[in-house]
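Input: a single structure, listed below in structure tokens.
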Amino acid sequence: MKCKPNQTRTYDPEGFKKRAACLCFRSEREDEVLLVSSSRYPDRWIVPGGGMEPEEEPGGAAVREVYEEAGVKGKLGRLLGVFEQNQDPKHRTYVYVLTVTELLEDWEDSVSIGRKREWFKVEDAIKVLQCHKPVHAEYLEKLKLGGSPTNGNSMAPSSPDSDP
């Protein structure tokens, strides 16, 4: 665990920072996704998400993060997968699908850091994310391939006899 000004960072036993994020969709058709401006690079777009707090479940963390970063409430859906980023720092992000039911006019990050949000067609979102945050583009690419909990990335190692 490490302390940051307004949060405590948590790590799993393998040293990965525990994160959670949501692909926030305008409707259950999942054809328009909400992206937020990056806090470091305000002219670039990212998927809302962040670090999990101690004792927090991934789904709860994902809902909290999109409320803080994107100012949305919604219906939490399926776990799309667990995505690993092995660069320093290492992250392991639980990515959920959320259908937006409420857009707040003002929200925490819009007031404190001027964060913006914008709806994108999925194909356009993939293009803008590939430049700045390729791992975020992977979330949407997986969704297009029919990602669901049964075929999501798994953190469990495969058994030796399952290799071809």
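Quick reminder: no glycine exception, Cβ is built from N, Cα and C everywhere.
Now, the feature entries from Swiss-Prot:
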type: BINDING; residues: R9, K17, K18, R19, S38, S39, R40, P89, K90, H91, R115, K133; note: substrate binding site
type: DOMAIN; residues: 17-144; note: domain 'Nudix hydrolase'
type: MOTIF; residues: 50-71; note: motif 'Nudix box'
type: BINDING; residues: E65; note: Mg(2+) 3 binding site
type: BINDING; residues: E65; note: Mg(2+) 2 binding site
type: ACT_SITE; residues: E68; note: active site, proton acceptor
type: REGION; residues: 144-164; note: region 'Disordered'
type: COMPBIAS; residues: 148-164; note: compositional bias 'Polar residues'
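Remark: of the binding-site residues K18, R40, the most isolated position is R40 (fewest other Cβ atoms within 10 Å of its Cβ).
Of all Cα pairs drawn from R9, K17, K18, R19, S38, S39, R40, P89, K90, H91, R115, K133, which the record names as binding substrate, the longest spans 25 Å. The Cβ of R115 (substrate binding site) lies under 8 Å from the Cβ of V36, S37, S39, P42, E69, D109, each of which sits 6+ residues away along the same chain. For the binding-site residues given as R9, K90, the lowest number of other CB atoms within 10 Å of the residue's CB is seen at K90. Nearest by CA distance to E68 (active site, proton acceptor), out of the binding-site residues R9, K18, S38, R40, K90, is S38. Proximity of E65 (Mg(2+) 3 binding site) to non-local residues of its own chain (separation of 6 or more, Cβ distance below 8 Å) is seen for A20, A21, C22, P48, G49, G50, given in sequence order. Secondary structure at K18 (substrate binding site), taken from DSSP and collapsed to helix, strand or coil, is strand. According to DSSP, the secondary structure content of the motif 'Nudix box' (50-71) in residues is 13 helix, 2 strand, 7 coil. Restricting the average to the domain 'Nudix hydrolase' (17-144) gives a pLDDT of 95.
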